[in-house]
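Summarising the annotation, Swiss-Prot assigns disulfide bond to Cys37-Cys77, Cys73-Cys129, Cys118-Cys138. Taken from Swiss-Prot, the feature signal peptide covers 1-19.
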Amino acid sequence: MKTFVLHIFIFALVAFASASRDSAKKIGSQYDNYATCLTEHSLTEDDIFSIGEVSSGQHKTNHEETELHKNGCVMQCMLEKDGLMSGADYDEEKMREDYIKETGAQPGDQRIEALNACMHETKDMEDKCDKSLLLVACVLAAEAVLADSNEGA
């Protein structure tokens, strides 16, 4: 019994450490064009918001509008270089395909529904940088809510 409890404790600790590590990562840092887009926009990794900050919405209250815009421009740069955006326009089908490939989501998965809702919510925005950050923030927040609801189930 002690061994079983120890295994559960270790599993919980590893899961918590993994979630904490992911939330500390910078948004977009896992993608190929991250460094290129930082350079193109004269930013450093220190200028970019963390996943945890964005998924919780803290980036909106902790930073100035110019910082929000710059982060959005880096996101838009990466989306455009990956063929998911052209200017301020999404390629919605390609965005869904890439998201499914990246997350392993299956048809009917709530994450795909969240992506669709986020694209719909932001589709009429004209500023490509603000639009990109809002899309990323919307998806990350939805994923966090879904992860929390799945943990409670």
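Quick reminder: no glycine exception, Cβ is built from N, Cα and C everywhere.
The candidate set comprises the disulfide-bonded residues Cys77, Cys129. Of these, Cys77 has the most other Cβ atoms within 10 Å. Recorded residues Cys129 (disulfide bond) and Cys37 (disulfide bond) have their alpha carbons 12 Å apart, per Cα-Cα distance. For Cys73 (disulfide bond), the same-chain residues 6+ apart in sequence whose C-beta sits under 8 angstroms from its C-beta are His41, Lys128, Cys129, Ser132.
In this structure, the C-alpha atom of Cys138 (disulfide bond) lies 18 angstrom from that of Cys77 (disulfide bond). Cys73 (disulfide bond) falls within a helical segment according to DSSP. A C-beta separation below 8 Å, combined with a sequence spacing of at least six in one chain, links Cys37 (disulfide bond) to Gly28, Val74, Cys77, Met78, Lys81. Taking a C-beta cut-off of under 8 Å and a sequence gap of six or more, Cys118 (disulfide bond) has these contacts in its own chain: Leu135, Cys138, Val139, Ala142.
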